[in-house]
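**Student:** Feature list, courtesy of TrEMBL:
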type     : residues  : note
TRANSMEM : A:28-48   : transmembrane segment
TRANSMEM : A:60-77   : transmembrane segment
TRANSMEM : A:97-115  : transmembrane segment
TRANSMEM : A:148-165 : transmembrane segment
DOMAIN   : A:165-459 : domain 'NADH:quinone oxidoreductase/Mrp antiporter transmembrane'
TRANSMEM : A:201-225 : transmembrane segment
TRANSMEM : A:245-270 : transmembrane segment
TRANSMEM : A:282-303 : transmembrane segment
TRANSMEM : A:315-334 : transmembrane segment
TRANSMEM : A:341-362 : transmembrane segment
TRANSMEM : A:368-389 : transmembrane segment
TRANSMEM : A:410-430 : transmembrane segment
TRANSMEM : A:450-474 : transmembrane segment
């Protein structure tokens with residue numbers, strides 16, 4: 001009896017002793033808006049009649065992304081943010097807002113591709129067996145599932161959270177909120193469903209494997225510093241207390257998890273398979289938004305938590321960057337599937353991005369930020385073009401099917417050629433400005449050999465980009481070649497991607513200034 | 001027992017899980033091995049929480065359990081669809097995407 005009273009007294013005292021957490025809702029509103037819209041999307045799936053769902057989901061998703069973007073811009077320009085919010089879980093600072101804004105704009109473009117109705121890339125019913133009667137019936141009835149929209153919004157919510165996470169637990173949760181919907185989205189292709197399901201299984205198993213590494217690295221760093229807060233780990237490094245074994249083991253395992261999401265060699269094996277098998281709009285989302293989010297997370301971990309350790313991690317990251325640039329560029333040469341080729345090209349670009357990370361300076365940070373924006377727009381545009389070139393079996397994936405496309409539809413082939421030149425980094429495209437920015441920062445940071453390797457692998461990469469252009473413009477079209485389906489939403493996405501690539505190439509200064517300004521204060525601790 | 005023993009056990013479990021993912025063929029078993037790795041991580045978190053005398057590690061263990069549960073839901077859904085299509089859960093059979 002008395003013991004019950006004691007427990008009650010403890011509970012009563014405890015309730016008044018525990019301070020309620022202080023959440024700055026205004027500062028983290030973009031994230032809350034995106035996740036809120038995702039939750040609303042789930043409710044729409046549950047309560048709105050099937051024929052109205054598409055008409056409700058699409059405007060809802062657009063409104064959510066645009067509202068979150070506008071709020072991010074407002075935060076960035078209005079009150080010069082440089083602090084941590086939500087009891088230290090999320091950092092609100094200029095580089096993070098730049099990354100989040102980039103992710104949200106690119107997500108709007110990806111949403112345009114996903115919302116395309118005239119040539120939908122998504123299966124009518126994911127649970128129906130490929131080739132079964134149930135599948136044919138749903139296709140004939142014109143039923144389209146709309147679960148992709150809430151899944152997309154959850155994934156974008158995770159991506160917005162990932163670069164802002166200023167402790168490793170929040171980062172892990174963000175990683176999973178980002179990845180779990182993506183695993184599902186990969187398996188939803190309308191055509192070639194076996195490939196799509198295989199891509200989902202491979203991505204899921206390897207992604208879960210890499211998350212386990214990330215988490216064990218977090219555990220070891222927690223053992224080292226007694227906290228998972230990035231700033232606390234940085235401070236513990238400064239005091240040089242704790243076991244070196246735990247520290248180095250933790251950093252290594254954590255890096256495996258982070259580099260896997262970026263798709264850096266030797267953790268890149270999932271990337272070609274998943275990019276090829278996934279529905280092309282989802283590939284576009286992964287090639288742009290996920291790369292931005294993963295690079296943002298890498299930047300924050302290495303610049304905030306591990307800055308005092310940079311003499312230890314820089315050599316390792318040098319090696320990874322060199323392997324990634326060379327590996328991606330060389331293997332891409334032998335590819336015959338256009339999506340697979342762009343996947344290897346994306347691996348090579350991950351290497352260029354790491355060159356900016358290795359610089360460890362405000363210049364390196366601003367160069368990386370600009371590179372991410374430039375590469376994101378070009379890759380969404382390129383994958384959008386791929387969804388437009390179709391034949392009887394869906395998208396014409398094989399490179400030989402693209403022969404003579406420049407004769408049949410010169411405009412589309414010209415636009416695609418422009419995106420490829422932007423990937424290669426030809427002057428007057430955004431790719432050139434981005435590469436120049438990261439390479440310049442790397443040279444100033446003392447990484448000249450890395451830049452030499454970067455320039456050489458850019459030259460190798462230029463070969464296979466130009467090869468596609470040659471195939472499109474200088475070979476005879478096939479008699480039963482693919483047709484170009486110019487659906488309105490996709491065409492809009494291509495036009496926006498093209499406009500951004502041209503503007504960032506010809507007039508890069510405003511965005512360079514914005515990235516430079518964002519990077520002056522670096523990340524908040 | 002000193003906390004070192006628990007850490008050693010956690011490292012052993014993590015290694016068994018990692019090796020299992022690399023050598024086993026059945027997708028479900030692979031997935032169970034990943035779960036073993038996550039549980040090894042939980043053991044490490046709780047041990048470190050005891051060593052440092054703060055509760056962070058124990059709270060994190062709860063988060064890990066929730067995430068692992070969510071991962072099971074998504075993972076089994078994906079494995080079910082591919083099993084129904086292929087009538088096999090061996091990861092060696094899923095070999096259309098290569099080169």
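Cβ coordinates come from backbone N, Cα and C, glycine included.
Bear in mind that TrEMBL entries carry predicted annotations, made automatically and left uncurated.
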**Student:** Taking A:28-48, A:201-225, A:245-270, A:282-303, A:410-430 as candidates, which has the most Cβ pairs under 8 Å with the transmembrane segment (A:315-334)?
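**Tutor:** Of the candidates A:28-48, A:201-225, A:245-270, A:282-303, A:410-430, A:245-270 scores highest.
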**Student:** Counting only CB pairs under 8 A, let me know which of A:60-77, A:341-362, A:368-389 has the most with the transmembrane segment (A:97-115).
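**Tutor:** Counting Cβ pairs under 8 Å, the winner is A:60-77.
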**Student:** For the transmembrane segment (A:201-225), find every same-chain residue at least 6 residues outside the stretch whose CB is under 8 Å from a CB in it, and list them.
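**Tutor:** That would be 168-169, 172, 175-176, 179, 182-183, 186-187, 232-233, 235-237, 242-243, 246-247, 249-258, 260-261, 267, 269-270, 273-274, 277-278, 305.
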**Student:** The transmembrane segment (A:341-362): which same-chain residues, six or more beyond its ends, come within Cβ distance under 8 Å?
**Tutor:** 262-265, 268, 271-272, 274-276, 283, 287, 291, 295, 298-299, 302-303, 307, 310, 314, 317-318, 320-329, 331-332, 335, 368, 371-372, 375, 379, 382-383, 386, 399, 423, 434-435, 437-439, 441-442, 444-445, 447, 450-451, 454, 457-458, 461, 464-465, 468, 516, 519-520, 522
